[in-house]
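*Asks:* Sharing a structure here in structure tokens format.
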Amino acid sequence: MNTILGSDTVKRGMAQMQKGGVIMDVVNAEQARIAEAAGAVAVMALERVPSDIRAAGGVARMANPKIVKEVMNAVSIPVMAKARIGHITEARVLEAMGVDYIDESEVLTPADDEFHLLKCEFTVPFVCGCRDLGEALRRIGEGASMLRTKGEPGTGNIVEAVRHIRKVNAQIRKVVAMNHDELMTEAKNLSAPFELLLQIKALGKLPVVNFAAGGVATPADAALMMELGADGVFVGSGIFKSEHPEKFAKAIVQATTHYQDYDLIARLSEELGEPMKGIEISRLQQHERMQERGW
């Protein structure tokens, strides 16, 4: 089989086009159309949003292709879909279906507890989660074209996403301040490719976009993550588990775009009704913490 590989430049360029926007989880065509009308730059097609996956337990797998196709046929914006960590065949199936992006996602039950996908061998671009700079650079080294914080999906609690974006950015500042002769040791400490540390040193930032994800539940949450340096926002359960999904979707898009307009965010938040019910992170058992999946 002859495989045509997409270049890093093209793949990363597609992600750059989403910068500053909101990507919303949807489970059917109706939700996808709501997301598109609200101004989402892309949608993530799943069978269940993260809060439902968390509640159901068991093994969470790639969405039924019928659902993914339904969403793809319903909207004109890019459609993403999730594959299990290390599940080569799920990723190949999604690629064959023509999705615009694949999320190698810790929200689903990992298929491989030792190896992530070698994403550079695919034509379709990938997004992956990270909690720190080491994880970020390992995923980029495998071929990820876009990153997102892991946060703690399905909780409606922003604290872990805040922790992750702050840690990545602090570690980037540390690398930028280093002398070149210190970078190899830092690469060893981070278990990350040396060449990527050189890129960060030169660019002053990651070579790919890094979105916020995992716990965004309100317009203020979305604005906070942008304030902390995120390039955009993924919203999983926060929209369609709220009292008024259409209003929430539009408000989160506006808050992401105008994240320093605090008067606007206040007005947007007035008539939204109840957000999704949240979970205190400390109440989660170790095996319930999705962010611990992958390495």
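Heads up, the Cβ atoms here are built off N, Cα and C, so glycines get one too.
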*Asks:* Given Swiss-Prot annotates Asp25, Gly154, Gly236, Ser237 as D-ribose 5-phosphate-binding, which of Gly39, Gly134, Gly215 belongs to that site as well?
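*Replies:* Matched candidate out of Gly39, Gly134, Gly215, per Swiss-Prot for D-ribose 5-phosphate with Asp25, Gly154, Gly236, Ser237: Gly215.
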*Asks:* For Gly215 (D-ribose 5-phosphate binding site), what is the secondary structure state per DSSP, taken as helix, strand or coil?
*Replies:* coil
*Asks:* Using DSSP and collapsing to three states, where does Asp25 (D-ribose 5-phosphate binding site) fall: helix, strand or coil?
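*Replies:* Where Asp25 (D-ribose 5-phosphate binding site) sits, the three-state DSSP reduction gives strand.
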*Asks:* Cα-Cα separation of Arg166 (D-glyceraldehyde 3-phosphate binding site) and Gly236 (D-ribose 5-phosphate binding site), in Å?
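*Replies:* Cα of Arg166 (D-glyceraldehyde 3-phosphate binding site) to Cα of Gly236 (D-ribose 5-phosphate binding site) measures 21 Å after rounding.
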*Asks:* Greatest CA-CA distance (Å) over the residues Asp25, Gly154, Gly215, Gly236, Ser237 that the record ties to D-ribose 5-phosphate?
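*Replies:* Answer in Å: the longest Cα-Cα distance is 13.
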